[in-house]
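**Student:** Shown below is the structure under consideration.
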Amino acid sequence: MMSGEKELDHAESVQDLEAAPQVTQESYAGIDLSIREKALVWKQDLRIVPLCAGIYLLCYLDRSNIGNAKILNQDTGNDLLSETHMTSYQYTVALMVFLIAYALFEVPSNYLLKKLKPSRWIGFLMLAWGATTMGLGGSHNFSQVINEDSAQLTFVESADPDMTATEAGLFPGLVYYLTFWYRNSERSMRVALILASATLAGAFGGAIAYGVGHMNEVRGLSAWRWLFIIEGAPSCASAFLVWFFLPDYPESASWLSPEEKALAIHRLKEEGSHGAAKAMSWEEAKEILTDWRLYAHYIVYFGISTPFSSLSLFTPAIVSGLGYADLRAQLMTVPPWAAAYVVTTVVAWSADYFNSRGLHSALFAFIGAMGFLASAVLPADAYLHRYGCLVVAASGSFACIPPLLGWLSANIRSTAGTGLAIALNVSFGAPGQIVGVWIYKSDEEKKGYPTGHWTNAALLLMVTTGCILLRLYYGWRNKWAKGGERSSPGELELRINSSTPQQPTSHPSISCEGPSEALNGIIAIYRMVEGCAGPTENNK
C-alpha cells in the first residue's frame, strides 16, 4: 500500500485511496488537532444536534398522530373515522396518497435546502406542516379527505400536496445537513439521535393522546380535533426559532471563531464536504444515478421502510388489538417507543465506535424480524407475550436505520453527491412505506394481525441478507484495492466520486455538457434547480 493512501473504513467504505493525511495526528497552528477537533465537535453538537432532534420530533409527532386519532374516544363514537364517516379502506387510501407524494418531493427538497440555506428551507417546512396539521381538525367527511378544498385545510390537503411536500423533505434534508458539519465516522450517532427523537415522539404522542382524550367535547370539539391543533401549534412556533438559530454552514457560523471555522473546513476537506458550495456537476449526478452499488443500498432501505411505516401509523391499533381499550391503549403505546429510543441510541454509538455499520444493521434487523415472527406465530390471545414481541420488533426495526444511513453517506465522496444519494435512498423507501399502510388489516384484529407481522418479518430478513452481502462485497473490493493490483491510486475501478475534494475557499464550476440521453429527464431537474444556463457557470 502506498504511503499516501488512506486506511479504509473496516472494509465498509470503498473510497478514493488518495486522500489528505490524517489531520488528527498532525499539529495545526502549533496545537494538537485531536484536542481542538474534539472541542469543535462538542461545540457543534450543542448547537446543532438538539435543534435537529427537536425538529424531527415535532415532524414525527405531527405525522404519527393520525394513528392516535383513529382510535381516540372510539368507545363514544368521537374518533376520526366515526366523525368523518370514513371506512378503514378509505383511511388506508388517504395514508397511501400521503406516502406516494413523499417519494416525489424528497429529491427536489434536498436541492432547495442547499439552494435556499438550511435554516430558511427547514424553517419554512416547519411552519407549513404545522399549519396544515392544525387544519386537520377541520375535516368533516371523506370528500374533504380526498379532494383539495380551497375553502379550508383538509386532511388530504395536508397529506397530499401541502403537508406531504413539507414533511417529505425533512428527514433526508436533516441527514444531508449533517454532512456540512461532520465527518463520515461522526454521522451515524448524530443521525441516530435525530431518528431516535421519532421514537420519543411515538412515546410522547401516546402520552399526549391519553391526556387530550380527556378533552373530548371541550368547546364543542372532539378530542381528536384537539390533538391535531395542540400538536401542530409547536411546529409553527418553532419554525421561527429554526429560521434564526439553526446554523447553515461552518463558513458562515458567527458563533465560531475564525480559527474554528478554518478547522471545521479543513477537517472535512479530505472527504469532499463543503457546505457553502452549491454546485453539483453532471459527472457527480451521473455517477450517483448509475452506480448499481448504491441501488443495493436503496433496496435494503426499501425493506426497512415497511416496518418503519407500519409501526409509525398502526402501533395504537396493534396495541388496541392486544386487549387494551381506548385511552389505556394510547398509554400502552409508550413503552415500545421508549425502549426503541434507548436501543437506537446505543446501537448507533456502537456502530460508530466499532466502525461496523453494516453488521450492526444486519444484526438488529434480524432481531426485529424475530420480534415480528414471534408475534405472527403466537396465539392471538397471548396478549402479554405479543406485547413483549412488539417491544423487540420496534427496537430492532428502528435501531438498524441510523447505521444504514451512515453507511451510505460514508461511501460517497462529495457533499452534493451525498445529498442526492440520501434523497434517492429515502425516496426508494417510500414504496415500502406504502406497503406498510396496507398490511395491518382491520378485519385481522382478532387474529393478531398475522399478515402485517409476517410481511415485516420477511422484509427485515431481506434487510439482514442485503447488509451482509454488501458488507462482503465491500470487504472484497477493499482487499482488491489494497492488494497492489493497480499502478496508481487514480486507477481504482470503483470510485464513488471522481471529483477532487473542494478547497475551503473555492467554488466549483457546474459542467452542463454531455449527460446521456437516458438521464436527461432526471438531470434536467437538477439543472433547473442549480440555475445552470450554459456550458459552464460559477457559483459565487
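For all residues, glycine too, the Cβ spot is worked out from N, Cα and C.
A TrEMBL annotation is a machine prediction, not a hand-curated record.
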**Student:** Select from 42-62, 420-440 the stretch of residues annotated by TrEMBL as transmembrane segment.
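**Tutor:** Per TrEMBL, the stretch marked transmembrane segment is 420-440.
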**Student:** Report the listed stretch (191-212, 298-325, 337-354, 361-378, 452-474) having the maximum count of Cβ pairs within less than 8 Å of the transmembrane segment (420-440).
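**Tutor:** Per the Cβ under 8 Å count, 298-325.
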**Student:** Can the transmembrane segment (452-474) be said to touch the transmembrane segment (337-354) if we require at least 3 CB pairs below 8 Å and skip pairs under 6 apart in sequence?
**Tutor:** no
**Student:** Give the nonlocal contacts of the transmembrane segment (298-325) in its own chain as ranges (CB under 8 Å, at least six residues past its ends).
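**Tutor:** Distant contacts of the transmembrane segment (298-325): 60, 63-64, 66-68, 70-71, 75, 95, 99, 198, 202, 206, 209, 332-333, 336-337, 361, 365, 368, 372, 383, 386-387, 390, 393-394, 397-398, 400-401, 404, 424-426, 428-437, 439-440, 442, 445-446, 448-449, 452, 455-456, 459-460, 462-463, 466-467, 470.
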**Student:** Could you give the residue numbers and ranges of same-chain residues that sit at least 6 residues beyond the transmembrane segment (361-378) on either side and whose C-beta is under 8 angstroms from one of its C-beta atoms?
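**Tutor:** Cβ under 8 Å, 6 or more out: 300, 303-304, 307, 343, 347, 351, 385-386, 389-397, 399-401, 403-404, 407, 448-450, 453-454, 456-458, 460-461, 463-464, 467-468, 471.
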**Student:** So, do the transmembrane segment (337-354) and the transmembrane segment (384-408) meet, by the test of 3 or more Cβ pairs under 8 Å (sequence gap 6 or more)?
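**Tutor:** Yes; at least 3 Cβ pairs under 8 Å.
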**Student:** Please indicate, using numbers and ranges, the residues of the same chain that are 6 or more beyond the transmembrane segment (191-212) and have a C-beta under 8 Å from a C-beta there.
**Tutor:** 49, 52-54, 56-58, 60-61, 64-65, 68-69, 72, 171, 174-175, 178, 223, 226-227, 230-231, 312, 315-316, 327, 330-338, 340-341, 344-345, 347-349, 394, 398, 401-403, 405-406
